[in-house]
């Protein structure tokens, strides 16, 4: 045996690499595109009260009607999550975002001639909401494909488009209403919404921009060592199981004792290699001994188990060859050993036929419609109780946040301020919101704090500060508390969707985000009209805001229970 050595110099193998998200380059253009989509599709929602107030007053529907329109819009946006997962799997996120942006803009244009609440619901809430749902969800999925390490910063920058819209849109709506009236204002805003189509065109497939990242040497597969060349033909990766040295011999039955000694199989001498068979090592008893009746091969009972030739030393291989050659020269005719070899040959034939049956292609059973639907929608996520609790908390928060955003203009107007002052208040809230989304995400990306924990803490302070805001009426305190609320709102919303992408793997993100949207829609449908009814029944916007804050505190409560249970389990484990 000789060791194979390389002659001459060999080129070193290139380091192993893997494709990863770029976290830069074109990814920042994608971030710009998502920001443009958010600005064009979502920034009008907080100015809903400014835009539709006079029309709703003329139609005779007040807070309850506005709440129904806003709740229907958000419900359609969220229930479009049913289609998000399968559609993004079938098509690309760029195509889905393109179609959604177009539908959103067309829905807003069709709202211009509205003269009834049903018309507004059909075009603004249903048609426009469906487009917003497709565009916003697909753009968020694309952002998560382009960023991994800087995901928080990217989401914050993309949502800054919404924040910029929150700051600019109230002033723009006020200006357009004074110059062109309601209908032409809606037409201009519909044309502005078509900029989302341009943003969707920037969402190129991520496979064009993936970069190669070297894999850590410790994670690479260990290279095979230089093998020893052997002259014999016993090169086999499987273990050779020799019945002589691994099996106890079965007791001889009366029927076997009367076997015909002239049978060819009985006259066979030696140990043919072709008639040995493989068996998993764990099925053998390493301490097994031979039957006392075996006398002609007594010396074989002291042998070690024969392993594959690749793992044996040279001395062991010589012993193997010498012992087997000695055994092959013995005459076992009529002995227990020869009868046992016949049994082994029968077992070998059975094993070969069994292996053939295993190698035959098995026809896959057709899946039922229910199983196909579950696989397509990734509904196995609903088996995870932590994921369900995550969805519940986010949905409770969103129900309170949506209603506050919609009722804020009405609340400020109820304090006696005019349209200009109301628009200025909304802009002040948006300024702090944008500042937080631009400054804090890069800081949080460099910490070990989870996005869920950041959201948990900021939601608590958001509910507390809004409760203080509800009791303000003077201009300066109102400005101060609106700015503080904008700060904590920015912290919450910049981590709102990141709690989903942080929890789920990337391949399940579209389905998880779709389920998240559906859960939001269910609670908005249930809770939205109730909050509007509270306002109409009590006649107090402050009481309505307190109810909204109670919804946000419910999110803090359900997550707090989960954190407490997890802490208790860890403490018990440490004590054990």
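A Cβ is built for glycine as well, from the same backbone N, Cα and C atoms used for every other residue.
The annotation transmembrane segment is assigned in TrEMBL to 96-115 (among others). Long-range neighbours of the transmembrane segment (96-115) within the same chain, counting only residues 6 or more positions beyond its ends whose Cβ lies under 8 Å from a Cβ of the stretch, are 37, 40-41, 44, 55, 84, 87-88, 123-124, 126-139, 142, 183-184, 186-187, 189-191, 193-194, 196-197, 199-201, 203.
Here TrEMBL flags 121-143 (among others) as transmembrane segment.
Long-range neighbours of the transmembrane segment (155-176) within the same chain, counting only residues 6 or more positions beyond its ends whose Cβ lies under 8 Å from a Cβ of the stretch, are 31, 34-39, 42-44, 46-47, 50-51, 139-140, 143, 184-185, 188-189, 419-420, 422-423, 426-427, 429-431, 433-434, 437-438, 440-442, 490, 493-494, 497-498. What TrEMBL records for 155-176 (among others) is transmembrane segment.
Residues or ranges marked as transmembrane segment in TrEMBL: 182-203 (among others).
As annotated by TrEMBL, transmembrane segment applies to 452-469 (among others).
According to TrEMBL, the transmembrane segment annotation covers 475-500 (among others).
Long-range contacts of the transmembrane segment (512-534) within the same chain, counting only residues at least 6 positions beyond its ends with a Cβ under 8 Å from a Cβ of the stretch, are 63-64, 66-68, 70-71, 74-85, 133, 137, 140-141, 377-378, 381-382, 387, 391-392, 394-396, 398-399, 402-403, 407, 497, 500-501, 503-504, 543-544, 547-548, 551. The transmembrane segment annotation in TrEMBL covers 512-534 (among others).
Look at TrEMBL and you will find 540-565 (among others) tagged as transmembrane segment.
Nonlocal intrachain contacts for the transmembrane segment (121-143), taken as residues 6+ away from its ends with a CB within less than 8 angstroms of a stretch CB, comprise 30-31, 33-34, 37-38, 41-42, 68-69, 72-81, 83-84, 87-88, 93-94, 96-97, 99-108, 110-111, 114, 151, 154-155, 158, 196, 199-200, 203, 206, 497, 509-510, 513-514, 517.
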